[in-house]
Amino acid sequence: MTDSWSKSSSDPEPSATMLPGQTAMDTDDGFRNEHQDHLDMQRLGKKQQFKRTFSLWSSIGFVAIYMATWEFVLISLAPGFTNGGYAGVFWCFVTTTIAYSAVVASLAEMASMAPTSGGQYHWVSEFSPPKYQKVLSYASGWMTTLGWLASFASSCYTIAFQVQACINVTKPDFAFTPWQIALIMWAVIVVTIAFNTWGTAFFPQLELASLIGHILGFFAVMIPLWVLCEKNDAHDVFLQFTDQSGWDNMGFAYISSQIYVLWCCFGSDSIVHLSEEVKNASIIVPRAIWWSYVGNVFFGFIMLITMLFCIGPLDPIIEADWPFIALFDRTGSQRLNLFFNVILWLLVYLGNITTLATCARETWAFARDRGLPGSQWIGHMDKKWHMPFNAVYLMSIGAALLSLIQIGSEVAFTVLVSLSTLGIMSTYLLSIGCVLLKRIRGEELPFARWSLGRFGLAINAFSVLYSLFIVILCCFPLTLPVDTATANWAPLIWFAVIIIAAIAYVTHGRKAYTPPVNFVEGVKMQGTLSSAEELIWFTKAWIPTHICGAVDPDFPSELSPFWIDSIVGMWEVEGNSAKLDLHILAVHNTTLISCDGIDVSLFEKSLEFQVLGYPVGQLERFWSKCPLPHTERLSPAHRLQAVESTFSFKDKSGRELDCAIAKITPDMGKSISAAFTYTPLGILALVTVSSWLSHQQEFSFSYVFHRGSTVAGPLWPTVLDITGYLRYLQFVFISASMSMQYPGFYVPAVGKLAWANLVLWEGPVFKHHTYEGPTGGMNPSNASYGLNFMGQMIGYPYTLGSPFNSIITFFALTLPILLFTCLSFWILSRSSPVQPSIFSVFKKAAVTTIGIALCLFSVPLLSYISYDLILVGYLPDYRIGLAILMLLIIIGASHFLLRILDGPSELKPTQNSFEPDGPALDFQAMNKVLSRHIPHSMPLMQAVGVGSLQDFPSVQVFVLVACECVFISFHLASKKDKRIASSLTAYLYFILSPSRLYHQATHLNILGSIVGSLRGKIISRILHLSTAHHGHLVLPLVSKSSNPLQVWGLGKENFQRSVQGKGSLTWAQFFQKSHQILVLIILFVKPTGSTA
């Protein structure tokens, strides 16, 4: 084992070269980083968020006071006397500490390779086989969290009983009840929280003082014991084995005591979880781990011998709950006994402070990689104190809950010790096992400044076997007989946590968790944390790996290309400006050309950044040393949505190598994305079923083929209801993005949440990555042109150069609709007195399918054009053509579904049609046509009006409301409509607009507050409200008044009367009332939350 810079030829040499323009003064970035710390964090892909305040001695003090080996030798080895007697305790301590030293050495080496707060779960992620990196790392993170949480709870339990021990010095018969112990534990937790929040500024000084107290306290206790106590016989101490545990096997009773010895030696890895607070961590942390273990074991060994010689007869010790009290009594001085207990209590409590610090930082690191539900809150870092306060609070609550175990269990301390040992040793087993596997396979490991050298394989192998042995041992009961009060509940709790972790992984971690290795190796998904927490949808940067294509044919072929591997975009929002840190790592293939063969100074300096084709910035300088990374900060005036950049290399001979486009796309959080995606899906299904059943009652199937009409039944009204809902869904997305305080900031929701995402299908011939699914995030800049965007939104693959996929996907989407309509029409035609031919049925079904498909295709194109209008503020010339094409598609859909399939004599009244009083008037004919086309073209009109007025928020709101009023007027103008369509969404914005206009002068964005409240979750409520425009589905209105407020009031009264009505419900009525109840609940629940 060495901590030098010597290494094998295969180890990469870390460079000490500074970035261009960087001086020694620049290394002090406010976090007190050493230059090696910069390199380590750079390799790990982590952002420095802690201040580095720990030196070597304060780090050793941190570990030493947490381990507190000599203190816990006195406190926790009591069960060892039952299982082995004097000699059993002594030899178990000797053999266990020697065996465990291999584990500690392995941990120290891994800490040198990757000094990060994540510790074991990071090591598992980086060193395990790629296929299992994510799931094993996730499991390790949960086990580490459980182990440290149980360790903190057991420490609090020990402190609470030490309070009783101090009282028992003067009042031997006094005993706390279990609930009183729990209250004391809670008080200890509260005080420990204070030290770990507002007292963190003095942590290094506290740990150094603790180290001094740890050493002085050792001598203050040990020397008086040797002087004042009578001594046991050496033969009894070293050779007298006894077993009063109930096990018939002396060997197993002896082995089982190792758990308590390990408990005395645990904690060497505690400083690992503070690695990001230690100066020069890659060498200081492993040194602190190893030498604190050696020193603590030495002090513990001396204190163990002292206790064995001075403690007295064995039988009274076995019967005592806490043998150290009997040991101190043998001094013959009550004051000295109390003094010893106070010293012990104080040192253990100081260790308890470090326990919570370690526990909180490990949990924070795991949440930083989104390994826990609620990671956004847990992983929050207080910017003033640079401390993870929320993680401290969460772990404190968890320890308070674990404290309740001792109320119902007589062996609560044993359970907590076993649980902590089980959880932590499980992570040791996983992490060291992964390193062992890489060594066996001969794979390269990261460079370690503190290395095991040639003995690494043997030490790792022994560590894995010993860790596995301890994990199995922790599952056994420690004494016999076993009942519910004395059982070892640790395996059950451990297994329950595994089940919870598995469920969390399936529901959350599988999609949200980002393994730390992703940041190290530079794969496509790079996670960041926004400095503006309220903008939680901007927390990801999606950067794929791109292969450079050779312009010169003499350059490397496709079999050995140059490539840009890691392009990490760190998105930050500060005030009214957005900043992008672009971190480029140029990795090359050395099979054909060496690193010296490329002059990276010839890297093109015209590195341009674009947002959907519009320039927003340019890289002014570039520097790199092949293959070291380069970091450049870009601060555009425009808020970035999707960034494109083009790279090109030149070698010294002038040959050029062009790289593909790198894209960085801020994305919404995945949990919100999933909620936003599947909420419209549920509403859409409810709308469809309710509409079909409602119209099924109104129109008899016998009229389906009457006089040649194929849509006289419920089919066409249902299609109108669905497309009407989709129109309002689009309106909500567009309105939300327009009403934000910074126009365009909510734009990704328009593309991500468009209804077409609900019919995602990647196609059978999938070659290019364009879209990861409803919750996986998407890259809008992949679709630089409207038709391609439309194809992507409905689930096409990247269609450029892949027409075969487009054709297959088109038929895959339309064929089920065609088959369904053919089958439906054929079945319904059987009951018609005039049965049409098979060809007639197929023709009408095909035309209907075309109309439905055009309706559906219009939605993603709407989304695309709206996106561009919101982002840019105007329509470029070539996109005017796309807008016209979209209108033609909408008109074509209506033409196929209304004009061809419905003759004037067969047209049935629906929500968007009416029956003329007599001869058709021009005004009525025009109104009829407009009422059919306006609902589907209104989003474009809104987008054009609002997009062109982006600098005038008040006028934008007015345009939105005006468009809605126009839309409603087409329904209200038709006095013979059987049902009047009312829009609660429009009324909501109508009511809010005066307030919005009034507060514009004071810069209070009321609509932005509503849309952004609850960190965006209110949008899901507006999605529900958006279905309320189906007047015949939501609010059966009996009035024909054109007053919106009066219409709503009458509708509500009618609904209340219908709810109070008696009698059986049909399926249609059931769905109608379910829909009504849903909307009313959402309507009357007032949202609260902070302004976005």
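For all residues, glycine too, the Cβ spot is worked out from N, Cα and C.
Keep in mind that this is a model prediction, so the values were computed, not measured.
TrEMBL lists 1-15 with the feature compositional bias 'Low complexity'.
Annotation comment: TrEMBL describes 1-32 as region 'Disordered'.
Beyond its flanks by at least six residues, the transmembrane segment (54-78) meets 89, 93, 158, 162, 203-205, 207-214, 217-218, 221, 257, 260-261, 263-268, 270-271, 274, 277-279, 284-285, 287-289, 291-293, 295-297, 299-300, 302-304, 307, 317, 320-324, 327, 344, 347-348, 350-351, 354-355, 358, 413, 417 of its own chain at Cβ-Cβ distances under 8 Å. The transmembrane segment annotation in TrEMBL covers 54-78 (among others).
The transmembrane segment annotation in TrEMBL covers 84-108 (among others).
As annotated by TrEMBL, transmembrane segment applies to 180-201 (among others). With a cut-off of 8 Å between Cβ atoms, the residues of this chain six or more beyond the transmembrane segment (180-201) that come close are 153, 156-157, 159-161, 163-164, 349, 352-353, 356-357, 360, 385, 387, 389, 392-393, 396, 399-400, 403-404, 406-407.
Sequence-remote contacts of a segment are chain residues at least 6 beyond its ends whose Cβ falls under 8 Å from one of its Cβ atoms, and for the transmembrane segment (251-272) they are 54, 59, 62-63, 66-69, 72-73, 76-80, 83-84, 88-89, 91-93, 96-97, 100, 104, 107-108, 111, 115, 117, 119-120, 151, 241, 243, 245, 278, 285, 288-290, 292-293, 296-297, 300, 351, 354-355, 358, 417-418, 420-421, 424-425, 470, 473-474, 476, 478. Look at TrEMBL and you will find 251-272 (among others) tagged as transmembrane segment.
The annotation transmembrane segment is assigned in TrEMBL to 293-318 (among others).
The transmembrane segment annotation in TrEMBL covers 391-409 (among others).
Feature annotation from TrEMBL assigns transmembrane segment to 415-437 (among others). Sequence-distant contacts of the transmembrane segment (415-437) (same chain, at least 6 residues past either end, Cβ-Cβ under 8 Å): 76, 103, 106-107, 109-110, 119-121, 123-124, 127-129, 136, 139-140, 143-148, 150-151, 153-154, 157, 259-260, 262-263, 266, 269, 402, 405, 409, 445, 457, 460-461, 463-464, 467-468, 470-471, 474-475, 478, 488-491, 493-494, 497.
TrEMBL lists 457-480 (among others) with the feature transmembrane segment.
With a threshold of 8 Å between CB atoms, the same-chain residues lying at least 6 positions outside the transmembrane segment (486-506) that come near it are 135, 138-139, 142-143, 146, 372-373, 405, 409-411, 414-416, 418-419, 421-423, 426, 474-479, 513. According to TrEMBL, the feature transmembrane segment maps to 486-506 (among others).
The annotation transmembrane segment is assigned in TrEMBL to 672-693 (among others).
The transmembrane segment annotation in TrEMBL covers 841-866 (among others).
TrEMBL lists 878-898 (among others) with the feature transmembrane segment.
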Chain residues in Cβ proximity to the transmembrane segment (391-409) (below 8 Å; excluding those fewer than six residues from its ends, i.e. six or more beyond): 148-150, 152-153, 156-157, 178-179, 181-182, 185-186, 189-190, 192-193, 196-197, 356, 359-361, 363-364, 367, 378-379, 415-416, 485-486, 489
Contact set, same chain, for the transmembrane segment (293-318): CB under 8 Å, 6 or more residues outside the stretch: 60, 63-64, 67-70, 72-74, 77-78, 81-82, 85-86, 89-90, 93-94, 97, 101, 104, 215, 218, 221-222, 225-226, 229-232, 234, 237, 240, 242, 244, 264-265, 268, 324, 326-327, 330
Long-range Cβ neighbours of the transmembrane segment (84-108) (under 8 Å; 6 or more residues past either end): 1, 73, 77, 232, 236-243, 250, 253-255, 257-258, 261-262, 264-265, 268-269, 272, 285-287, 289-290, 293, 297, 300-301, 304-305, 308, 314, 428, 431-432, 435, 450, 452, 459-460, 462-463, 466-467
Cβ contacts under 8 Å made by the transmembrane segment (457-480) with residues that lie 6+ beyond its boundaries: 79, 82-83, 99-100, 102-103, 105-106, 245-247, 255-256, 258-259, 262, 411, 414, 418, 421-422, 425-426, 428-429, 432-433, 435-436, 439-440, 486-488, 490-491
